[in-house]
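Chemist: One structure, pasted below without further comment.
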Amino acid sequence: MWKEIERRESGKIRPHLFASRLKSRRVASMQLSNSKDIVSPHRGSINSLQVDLTEGRYLLSAASDASVAVYDVQQPQDYEGGGLIAKHKSILVLDKQHEEGHKYAVSSAVWYPIDTGLFITGSYDNSIKVWDTNTTQMVMNFKMPGKVYTTAMSPLATSHMLIAAGTEDVQVRLCDIASGAFAHTLSGHHDGVMTAQWSASNEWVLITGGCDGAIRFWDIRRAGCFRVLDQSHSQLGRRPPVLSRVTAKASTSKVLLGGQNTSAKTGMALRKLSYSNGTKQASAGKILAKTSSKQRLHPGMMSIRDRATAHYGAVTGLRVTEDGMYLLSTGSDSRLRLWDIKSGCNTLVNFETVRLQTNKAIQLAISPDSSHVFVPCMASVKAFDFWSGKTFMTFRGHYENVNCCWFSSRDQELYTAGNDRQILVWSPFVSQEMEEEAALDRDCWSD
Amino acid sequence: MAPGRSRKRKIEDEEEEREAPPLASSGSAVDPDESLEQSLTFSDTLVALQIMRAQFPRIEKVSIKPFVLRSQLYSSVMDRTQVDRELETLRRAKTIRIFKLNTGQDDHAVMFLDDYINQIDSVVKKMEEKKLLNLEAFDWFKIHVIDTRLEPNISHDDLCSLLSLGGRVKEEHVTLLINGGVIVRQLIDPGMYWFAIPSIGSVLKGLSQGRKELLGLLSRKRYKEEMMATLEKKRLRLSPLDIRFHLRDLIGSGHLKTVSTPSGLVVRVSKD
């Protein structure tokens with residue numbers, strides 16, 4: 001470590017490289033924190049965790065007993081163990097006693113991305129509430145047609161303030177904070193929507209994963225989704241080769257996605273462009289299939305007919321990498337898949353997951369330099385290497401299934417929470433040197 | 001008889017060393033007319049597939065061509081991502097075909113295309129003996145559908161349009177294909193047909209029961225582990241497939257793990 005500092009000082013290594021080496025060394029030594037403890041007031045399993053994006057200081061957690069709590073993870077309230085263990089208690093708790101609190105389980109709680117003055121909670125009592133943090137008052141209430149599974153706000157948005165809500169209804173709803181009404185709905189899924197994430201590169205693109213196993217990309221300015229991820233489209237590597245040809249797969253007739261359909265106006269001829277990178281031979285002759293239903297659909301809504309699935313089961317977790325290039329998804333088929341967003345292909349990286357929980361949504365975390373993925377696997381959290389899929393570390397500490405985890409890149413700390421109502425902190429190992437003060441005489445015989 | 005019987009090794013290089021020479025002489029799935037250029041280099045996955053195909057157990061009552069489960073490949077090749085990618089390349093080159101099985105969540109069976117065609121032919125022969133009609137559906141299936149559709153599933157409309165390249169398609173043709181076992185319907189999705197291996201039903205039942213039996217056998221032990229040398233001599237009661245098949249499958253899917261000890265490999269039930 002001192003050698004590295006010396007080299008940085010003399011200019012042999014660049015500052016960014018120095019910082020990233022230090023961070024990766026710290027991540028490799030992560031274990032259950034022996035100096036930090038978060039005291040959780042929840043009486044039910046914890047469903048979501050989020051640290052605010054602006055300061056990285058406040059942790060928001062949502063639990064199944066309709067309670068939501070905020071903790072300060074940098075300043076402890078109390079010290080224990082002779083000043084060695086910092087106790088972080090909740091600075092704000094909202095539960096059933098609050099007159100506008102939720103009645104049933106809160107499935108997701110997210111901070112307003114611009115500052116920590118507002119946060120948004122979505123619950124199984126069919127409502128999404130926007131709260132003012134300082135006065136702990138509800139500012140807005142949106143009524144949903146079904147249980148809310150997920151809420152998301154875009155961290156890049158400068159021209160809209162929309163909350164994307166995924167419920168057990170097949171439509172994804174966008175709620176506008178500025179006006180207090182629903183902006184519009186996105187249809188295309190065939191079953192409830194369990195996860196939603198906004199794109200990290202475009203403020204208008206939303207990615208949702210449904211219980212029907214499909215992952216859809218929506219541009220909210222247009223109708224219908226512009227891409228559905230299909231697990232059989234794959235590419236063998238990080239990026240598709242530069243000279244990949246877009247071949248018209250003429251032998252199968254499938255729905256063309258988005259607004260690229262030239263003859264969509266008649267609704268009779270459907271063609272599909274496939275982005276696969278193998279040497280596919282285009283068979284002679286094009287086959288035009290007549291649509292069986294005579295209903296004329298808007299060209300943007302053609303994507304409803306596309307039944308491609310990304311997982312053999314429900315999609316239970318989604319996460320976009322910080323550079324916006326790759327998407328990770330987990331499914332109830334206990335598989336974790338890595339997708340290249342630009343080409344829409346499965347990169348076929350095999351993560352060694354044996355079992356993942358299937359009935360609830362899980363929250364994954366990715367380290368900012370896209371080197372590790374943290375996935376809750378039943379009662380432990382596993383860290384995988386991003387590109388080889390090998391298990392890097394396993395964090396065992398929870399007594400029951402883990403539902404959510406959040407990686408804080410400022411301090412290289414991982415916060416995990418699950419059905420055992422605890423929030424555990426995993427931080428890089430720092431050896432506690434025993435203080436050399438005069439130890440108190442603790443003998444109990446007379447001197 | 002089969003090479004490598006005495007000691008099962010999970011290190012893939014040593015398997016290759018021992019198995020490759022006898023395999024080259026038997027020439028299981030290698031076309032003798034293939035030029036040296038095409039068969040000069042092997043991928044690890046291809047060698048593993050050929051080894052396991054040669055080790056497929058003989059079942060008396062059912063005539064079924066060898067197939068390999070995907071989890072078995074994971075247990076023998078070190079890098080899983082490489083297995084996935086090589087399977088994808090082989091699938092696109094039409095050397096193998098991948099089928100989704102309905103035992104468990106993510107089971108896939110890999111079969112060489114030649115074996116699959118032979119299996120279909122044997123089904124057709126059986127049907128001819130029973131004097132059933134409309135058997136040209138199988139020919140259309142072999143020529144048009146299998147060649148073009150490489151994914152494990154196909155929708156009803158696509159199937160009809162592809163079969164109609166051979167002749168006029170009637171409902172009876174599709175019914176015949178389902179009765180023959182080359183296409184099945186799965187409950188998750190009503191509009192989709194999945195490709196299947198004919199007459200595999202009893203083997204699949206044996207597969208799931210054998211898995212349960214083997215896991216139960218090990219879980220009942222005091223320390224939930226057993227030496228691989230003693231384990232591989234056992235015979236499973238409920239499954240026609242041999243124990244080596246099940247061991248590879250369970251190790252690859254993560255339910256069992258192997259630990260190397262001074263006296264050999266030990267198989268242990270993995271707790272997650």
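Even glycines carry a Cβ here, placed using N, Cα and C.
Pasting the relevant annotations from TrEMBL:
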- A:39-74: repeat 'WD' (REPEAT)
- A:99-141: repeat 'WD' (REPEAT)
- A:186-228: repeat 'WD' (REPEAT)
- A:308-349: repeat 'WD' (REPEAT)
- A:395-427: repeat 'WD' (REPEAT)
Chemist: With contact taken as 3 or more Cβ pairs under 8 angstroms (pairs 6 or more apart in sequence), are the repeat 'WD' (A:39-74) and the repeat 'WD' (A:308-349) in contact?
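Modeler: These two segments do not touch.
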Chemist: Mark yes when the repeat 'WD' (A:186-228) and the repeat 'WD' (A:308-349) have three or more Cβ pairs under 8 Å (sequence separation 6 or more) and no when they do not.
Modeler: yes
Chemist: What is the three-state DSSP composition of the repeat 'WD' (A:308-349), stated as helix, strand and coil residue counts?
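Modeler: Going through the repeat 'WD' (A:308-349) residue by residue, I get 0 helix, 19 strand, 23 coil.
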Chemist: Over the span of the repeat 'WD' (A:395-427), count residues by DSSP class, listing helix, strand and coil in order.
Modeler: 0 helix, 20 strand, 13 coil
